[in-house]
Amino acid sequence: KTGMPDADTQEKGFLNHMADKEQRAGRSSPAGKVPEGEKKLHEAVCVLLVELCERFTFFGIVCNMILFCTARLGYPSHQAAMVNMCFVGTSTLTPVLVGWLAEYLVGRTKLVCICMFLHFLGTALLPVVSFPFEDVHIDRRHVLLTLPKREQKIVFYFALLTASLGIGGIRAIVCPLSAYSLEDCGPKELLSFFNWFHWLVNLNSAVVFVSISYIQQSVARNLGFLIPFVSGLMAMITIHMVRGEMIYKPKTDSSLLTTFGVIFSALKTCCVRHRYLSTALPSWLDHAKENHGGHYSETQVEGTKSLARLFPLFTFQILYRTCIMQIPSGYYLQTMNSNLHFGGFVLPVAAMNVISIVPLLILVPILESINSWLFSSKDTGHSPTIYIVAGHLSAALSVMAAGFSEIHRKRFPQVEQTLSEELLLVSSMPCFHLAPQYILLGVAEALVTPSCSLLSFWLVPERMRGISMHFLALFNGAGCFIGALFVQTAHAGTQGSWFPHLLHEGKLERFFFFLASLMMVNTLGFWAIAHRYNNLHEDCTSGFRGSFPGEKLLKHEKAIKHYNSVLESSPILSPVEKT
């Protein structure tokens, strides 16, 4: 009997504590001003607007970087392709770095202000590299103010670095995936979200590739870098207008450092035990547990084990991402060296990217219908691994088609073509002959990216989802840098033959065939392990997800919060009964 009042006191104290938290949350958004549903809709629209503005900025920088590097900075083709791939890779990795900084070193509000400034600085410095125009008149005098080549390159690289850091801050702090409230979604709803989110991003990129590439190439090539600046300014204004609502504060239950710590601790303990003792454990990561001589709790180790299960999936995405990076590198160079004239109009080089986006925009609604039918059966858990296998195969076929297109392109006689005021000798083959390789990569993206995001998000406990998406970003960024390494190795190892500056003098098709063969092996490798991720419902019902003590306590706390809110709002109970 003496223990019962203590338990009641603890429960009452906890309920009062939860009520105080609810009241403090209520004070931050006074009742009667903005309805809760309208506020959430406002926040979602703002996050989506910032996301689209950021993507507009990103694609605006990427879409004609090769043409700018070759025509203005005098780079050889392989070096321009490497710069583009490294920028994409850096922009993919910086959200992971900035997310870690926001949690452990700098406050989120302070860091988002720093990243907005870096984003503004980078997008403002890019026009400095391309300005001024060749015809500048000040006080009736013709003035030619151009930076020397060396200073141009320094400013250019500094601008790309600061812009990528700013992009990383916006993606990690303002527009993280957790800001879309996906915790209570099932696999069908998650796959639908990733499909339509990817569809919307690609619709935005299609607009960018058509409009900005035309402005950069045909109207005023220097003016094009002003558009990323204006787009970045729009994103920063949007963030400033609703800063209080948009800066999402994620849960801090787990971190990248903890995950890496578990892995290194397990490796260290495993090596020591292997040398001196021979204890058998179900998993090598169990060596990191405190009861096995490690330094981490069972919850932390079990979460890392669920994440380690996805490492094969992540690894097989590296080479796939390298193939996707051929669009802003190898495919771009092929298009640039083909006949762009169409009915008296010169097509922008980057506008060919739209051909790879069109099949994605068409396929997403079709895939949604297929998914609705497949997920309707509750007996078997449908897994999108078949989509990933088909997408990898499509990517391999695309790169193979690019090799045959290159052989076909060089059979046409050469003609003169002006691009960005540079006179180039190009093949007279119409650029639309390259359409099959773009279409195949577009089909691959429609199949792979949403499905891989679903598996990375769903097959880990709720508290590990952010870390899982960070690891997916790390491996995708690695794919971009591996692509740049392949280009450099192919160029250096063959004395410029496999990735030449002048395509008609080299053998670019051999590089494509080599990459296609690697991708085919990669596809077979993933197909061999795809059965590990086949049944989504099995993982949901067998206790794999949400079975850790920390997550059970979190769910219990949510239930108590709901119970407390019912007590606070119930008209049946009198004030005396509530206390």
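Counting starts with 1 at the first residue shown.
Glycine is treated like the rest: Cβ placed from N, Cα and C.
Taken from TrEMBL, the feature transmembrane segment applies to 56-75, 82-102, 108-133, 154-174, 196-215, 222-242, 345-364, 385-404, 438-459, 471-491, 511-530.
Looking at which of 82-102, 345-364, 385-404, 471-491 has the most CB pairs under 8 Å to the transmembrane segment (511-530), the answer is the stretch 385-404. Counted over residue pairs 6 or more apart, the CB atoms of the transmembrane segment (108-133) and the transmembrane segment (56-75) come under 8 Å in at least three pairs, which marks the two as touching. Between the transmembrane segment (154-174) and the stretches 56-75, 196-215, 385-404, the greatest number of Cβ pairs separated by less than 8 Å involves 56-75. Two recorded stretches are said to be in contact when at least 3 C-beta pairs lie under 8 angstroms, sequence spacing 6 or more; the transmembrane segment (196-215) and the transmembrane segment (385-404) fall short of this definition. At the 8 Å Cβ cutoff, the transmembrane segment (56-75) and the transmembrane segment (471-491) share fewer than 3 close pairs (sequence separation 6 or more) and do not count as touching.
Using the rule of three or more Cβ pairs under 8 Å, pairs at least 6 apart in sequence, the transmembrane segment (82-102) is not in contact with the transmembrane segment (438-459).
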